[in-house]
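The following features are taken from TrEMBL:
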| type | residues | note |
| --- | --- | --- |
| ACT_SITE | ASP65 | active site, proton acceptor |
| BINDING | ASP65, GLY66, ARG70, ASN139, ASP140, ARG150, HIS167, ASP169, THR180, GLY181, TYR182, ASN183, MET184, SER185 | NAD(+) binding site |
Amino acid sequence: MKHYIIITNRPKDPDLEITRRVQELLKLRQASCSVYADEIPKEEWKRILLREGDRTDAILVLGGDGTMLRAARDTADSQIPMLGINLGTLGYLTEVEKNGMEDAIDRLVAGSYQVEDRMMLCGQIYRQGRMEEENSALNDITITRCGHLRMLYFQIYVNGKLLKEYHADGIIIATPTGSTGYNMSAGGPLVEPGAQMILLTPVCPHTLQTRSIVLRAADEIIIRIIGKAGREETGIEACFDGARNVELAPLDEVRVTKSIKTTSIIKISEAGFLDVLHRKMSD
């Protein structure tokens, strides 16, 4: 018997109507499932996946892009493919709309789908030469100032060489999957999500010439907070996929590389990236 894990966003499905419908559709196809809320802590996910990961064929994520991003971070070690059912708005990461659930589950249980492996980023926070924290991101790692309308002063190094010193509201380091997120809003390029590259997009730079930069996936990027002489620098944060925030101080470094982890996304539709982009932009 095939087994599936369902991760549901309770605020988007408060009475669990859609969750129960997905359970029914799986049961009618002789498949079992377990249901969990998306706010479960990561440590609890480790126990869940240890208990039932080996027998799980796929994870069904009911929510929007934020739910998908959290599920990707929490379950990345398992390499279990995820199918997103959109209960949000745009839903670039989700594959299926609510009105297409039944057909999608038919194809899922029958094995009639493709799996795309999406690259992730690894971000390490260094303070005085010592690594303080490490996190992964499927979409992006951003460095901005929280709650203060003041520019940041930082340097970017690529493979040990100084690329540029920036005066800007922040910097976005994005994957191809994340190119349609904050990166796009900041004027960055759109990239086919299966590509292997890293995007650097400054947020409101104080210059007429700065543009996004596209780097190889193999490159190491270091963002060094330099601050401004005579001014107390507070409220600077590194944010992983819009969720995990880490406070930074002057001279801290954020080292970003391609993660050894990937996120496996189930593709039911034969529509390509440009087809999806056109449809989402037209909605």
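Heads up, the Cβ atoms here are built off N, Cα and C, so glycines get one too.
Positions of the features from TrEMBL, shown on the structure.
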{"residue": "ASP65", "record": "active site, proton acceptor", "Cβ within 10 Å": "25"}
{"residue": "ARG70", "record": "NAD(+) binding site", "Cβ within 10 Å": "24"}
{"residue": "ASP140", "record": "NAD(+) binding site", "Cβ within 10 Å": "27"}
{"residue": "HIS167", "record": "NAD(+) binding site", "Cβ within 10 Å": "15"}
{"residue": "THR180", "record": "NAD(+) binding site", "Cβ within 10 Å": "24"}
{"residue": "TYR182", "record": "NAD(+) binding site", "Cβ within 10 Å": "21"}
{"residue": "MET184", "record": "NAD(+) binding site", "Cβ within 10 Å": "18"}
Q: Looking at NAD(+) and its recorded binding residues ASP65, GLY66, ARG70, ASN139, ASP140, ARG150, HIS167, ASP169, THR180, GLY181, TYR182, ASN183, MET184, SER185, figure out the farthest C-alpha pair and report it in angstrom, whole number.
A: 31
(Q) Distance check, please: Cα of ASP140 (NAD(+) binding site) against Cα of the residue listed as 'active site, proton acceptor', rounded to an integer number of angstrom. (A) 13
Q.
Can you give me the Cα-Cα distance between TYR182 (NAD(+) binding site) and ASP65 (active site, proton acceptor) in Å, rounded to a whole number?
A. 12
Q) At the level of the C-alpha atoms, what whole-angstrom distance separates THR180 (NAD(+) binding site) and ASP65 (active site, proton acceptor)? A) 11
Q. If one measures from the C-alpha of MET184 (NAD(+) binding site) to the C-alpha of the residue listed as 'active site, proton acceptor', what distance in angstrom results, rounded to a whole number?
A. 15
(Q) Between the Cα atoms of HIS167 (NAD(+) binding site) and ASP65 (active site, proton acceptor), what distance do you get, rounded to the nearest Å? (A) 30
